[in-house]
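Colleague: Dropping a structure here in structure tokens format, bear with me for questions.
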Amino acid sequence: MTSAGLILNDVRLAIGGRTLFDGLCLCIAPGEIVTLMGESGSGKSSLIAYICGSLDTEFDVRGSVTLDGQDMGPLPIERRRIGVMFQDDVLFAHMSVGENLAFAVPPGVTRSERQTRVNDALVEADLDGFAARNPATLSGGQKARVALMRALLAEPRAMLLDEPFSRLDATLRERVRNFAFSTIKRRNIPALLVTHDRQDKSDHVITL
Amino acid sequence: MRPVKAAFARNPFGWALPLTLAVFIGPIFLGLFGTLLPAFGLQPALGSFELSFDPWHDFFNDPALTKSLRLTLTVGFGATLIAVIIGFCSVAILFGTRAFGIVRSLLAPALAFPHASFAVGLAFLIAPSGWIARLISPWATGWDQPPDLLIVRDPDAIALMLSLALKESLFLVLMIVGALGQINAGSLLRSARSMGYAPARAWLIVIAPQVYAQVRLPIYAMLASALSIVDMAIVLGPAAPPPLAPMTLDWFRELDSGRQLMASVAAIFQLLLVIGAVLLWRFGEMVVNLAVRGPLTNGIRRGWAERIAGGVGRIGISLALVASVGAILMLLIWSFAGTWSWPGALPQRWSAAMWVRSGDTLVLLVWRTAIIAIAASAIATALAIFCLEAGIGQPKSRWLVILYVPLLVPQISFLFGVQLLWNRLWLDGTMVAVTLTHLLFVLPYVFLVLSDPYRALDPRIAIAARSLGASRLRTLVRIKIPLLARPIATAMAIGFAVSVGQYLPTLFAGAGQIDTLTTEAVALASGADRRLAGVIAFTLTALPFMALALVSLAPNRLGRANQ
């Protein structure tokens, strides 16, 4: 087993005496996208929260998460560099599309370089000219693409996708999914997609 | 601790709790202690270390005590009971109607109406020479001159009790409206009505018991406040003798050290009285709970009960709103009254002379009142935000109860001790002492106003920001605070209003050297110059209203963010 990529080792999540899952092992190589399927309440979103570091302290946890060989356990969420894309996009309503993207650019980048990265991201997402737009005025597909580009601008070492396409209609879902998968693969980062939609197939599908 | 837990538990705002407790609970307990010592004759500052029960003996043998206690209990229980009846009946009859929307929009301004100016305005309204008597005289009353009736400051404190009940009923309606959001009231009511229950009966049977459980603490706070009210009692209550709290204040102000020791006893006794009253109220709740079990399930869909409740609710809430509006109008009219002889409904001559004459004093009072209120509300808002970031304020958090402590403990019981504390720190009689003392009463309201919107903010927004590399502080400053701009502004405005209306805390912490609009309004209320009282009390009312009006300028992004 290589240490590169995202590795879950013998993970158990329980809450209130109820075990959600136990003994979960998963290895996602760089550039690989793994789809995790499961019923409602099976612990899919809790697993996402566990990996990104936002799990509520009420959970009882065993096991470990490593990313490129580094144990994520002691790190707070902002130092893990794991991007998250949610079902509802979660764009910051008080910021324009451009500001949402600029927020994600790492510190230490000059203003002009920051602007360049934002513009490049908009072009890549086919949203050129949308920088000043209010997120509330975007369509579902546009919001999803902004959310993905925002997560990627933070230069994550892994991506977690928590049912990000489920609110889109079938045609749009396929387009956004293809865009997301190809963009993630181009950056050669490991990604875990949590979904209950059987159409969201990727490199590997596992069921919780 | 598990690694993940350890990572998430490292909260950079963990210091907020000890700091808040230090500024919040510390002064209350130190204040109670500082009041308790003189009650037993112990005055270390004066070199008196001998334990004595003489102050208690003197207190219980005071000839005015029995009457004063009767007045206190009448006002406390009477006002609270009437406010609860009006509050619940009015929401029962109005819930879901267009009128309910109108009433809701008037609640925040009504809450911001300081007790002192409400009392002064109401006194101008209901006094024998007041507006109501003028409007109906002489054609309906035959009065050619103001009648010799003791309506205001009546010996049985009926005017004080009813005025307080009307004022507090609006506060309770606001609390009920807040609680309705927690229990999905609309669906519950639709469900009961689909079974054939009349709207008001359905509300009283299905919603009211659940809502009551949610507003129990505010009701206890209301009871404690009514039992120990001072500013309204000075304006509207009897003077010989007054209820216990204003009588205690009189004793504290006397130069005779024996009276001051009695005042300490009275302050401690006031606390015991409130504890006993809350326990008695709780017992009453249990009795009522048992008594209404049968009627709850007797299957009657409509009857006289909801008709009576509807009538009481409509009349009660109308009176409360009319009294509030009428009081403001009275203050405004009197402040511009030139010549206004009986029984004219309006002044014969209007004049801005009093505004001009009191200009310098007024500016100083406004500046001082506003600075204290801005500082207290800003500190309270910052503390509330940090506490919420530290996780305090979750529905199950045991720290929430502590927030109610300053609202449940009578002010008079610990403010004397707080004054001694400031004295020891060389701070008494300063703006700093007044601001920090106001903070005790501002913080609970700010926290209560802010905690619900804070909890309502989609937690994934912060997770998204932090997953992008933003620290907790950056997430707070750049994401959460801008999104919560409107609730934060509202909380600050409410905090501002609470601070502006503080009477006893200003009096004690200011050691009589810091006058604000409130202390001045109360001082002028019993004087002969209604015009000057009108100017001061109207300005006192205008300040919090302006703060609330400013809130409407703050962007409202919370709903959009959560969509």
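Including glycine, each Cβ sits where the backbone N, Cα and C put it.
Below, the features straight out of TrEMBL:
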type     : residues  : note
TRANSMEM : B:12-40   : transmembrane segment
DOMAIN   : B:69-280  : domain 'ABC transmembrane type-1'
TRANSMEM : B:71-95   : transmembrane segment
TRANSMEM : B:116-137 : transmembrane segment
TRANSMEM : B:219-241 : transmembrane segment
TRANSMEM : B:261-283 : transmembrane segment
TRANSMEM : B:317-342 : transmembrane segment
TRANSMEM : B:362-387 : transmembrane segment
DOMAIN   : B:366-554 : domain 'ABC transmembrane type-1'
TRANSMEM : B:399-418 : transmembrane segment
TRANSMEM : B:430-450 : transmembrane segment
TRANSMEM : B:483-504 : transmembrane segment
TRANSMEM : B:532-554 : transmembrane segment
Colleague: Can you tell me which recorded stretch out of B:116-137, B:219-241, B:362-387, B:430-450 has the most Cβ pairs within less than 8 Å of the transmembrane segment (B:261-283)?
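Modeller: By Cβ pairs under 8 Å, B:219-241 leads among B:116-137, B:219-241, B:362-387, B:430-450.
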Colleague: Hey, which bits of the same chain come close to the transmembrane segment (B:71-95), Cβ under 8 Å, at least six residues off its ends?
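Modeller: Contacts with the transmembrane segment (B:71-95): 103, 156-157, 160-162, 164-166, 168-169, 171-173, 175-177, 180, 185, 189, 199-200, 203-204, 207-208, 211-212, 219, 222-223, 226-229, 233, 237-238, 241-245, 273, 277, 281, 306, 309-310, 312-314, 316-317, 320.
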Colleague: In the same chain, which residue numbers or ranges, 6 or more beyond the ends of the transmembrane segment (B:219-241), come under 8 angstroms Cβ to Cβ?
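Modeller: Distant Cβ neighbours of the transmembrane segment (B:219-241) are 64, 67-68, 71-73, 75-77, 79-80, 83-84, 115-116, 118-120, 122-123, 152-157, 159-160, 163-164, 167-168, 171-172, 212, 247, 249, 270, 273-274, 277-278, 281, 404, 407-413, 503-504, 518, 522, 525-526.
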Colleague: Should anything in the same chain at least six residues away from the transmembrane segment (B:430-450) have a Cβ under 8 Å from its Cβ atoms, list it; otherwise answer none.
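Modeller: Same-chain contacts beyond the ends: 20, 23-24, 27-28, 368, 371-373, 375-377, 379-381, 383-385, 387-388, 393, 403-404, 406-407, 411, 415, 418, 422, 484, 487-488, 490-492, 494-495, 498-499, 502, 505-506, 508-511, 514, 516.
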Colleague: Among the recorded stretches B:116-137, B:317-342, B:399-418, B:532-554, which has the greatest number of Cβ pairs closer than 8 Å to the transmembrane segment (B:362-387)?
Modeller: B:532-554
Colleague: With CB pairs under 8 Å as the measure, which of the listed stretches B:12-40, B:317-342, B:399-418, B:483-504, B:532-554 comes out on top against the transmembrane segment (B:116-137)?
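Modeller: Of the candidates B:12-40, B:317-342, B:399-418, B:483-504, B:532-554, B:317-342 scores highest.
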Colleague: What stretch, picked from B:12-40, B:317-342, B:399-418, has the most CB pairs under 8 A with the transmembrane segment (B:483-504)?
Modeller: B:399-418
Colleague: Which residues of the same chain, at least 6 past either end of the transmembrane segment (B:532-554), have a Cβ under 8 Å from a Cβ in it?
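Modeller: The answer is 108-109, 112-114, 116-117, 120-121, 124, 328, 330-337, 354-355, 358, 362, 365-366, 369-370, 373, 485-486, 488-490, 492-493, 496-497, 500-501, 517-518, 520-521, 524-525.
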Colleague: Below 8 angstroms Cβ to Cβ, which residues of this chain, lying six or more residues outside the transmembrane segment (B:399-418), approach it?
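Modeller: Residues 17, 21, 24-25, 27-36, 38, 217, 220-221, 224-225, 227-228, 230, 245, 248-249, 252, 263-264, 266-268, 270-271, 274, 278, 387, 392-393, 437, 440-441, 443-444, 447-448, 504-505, 508-509.
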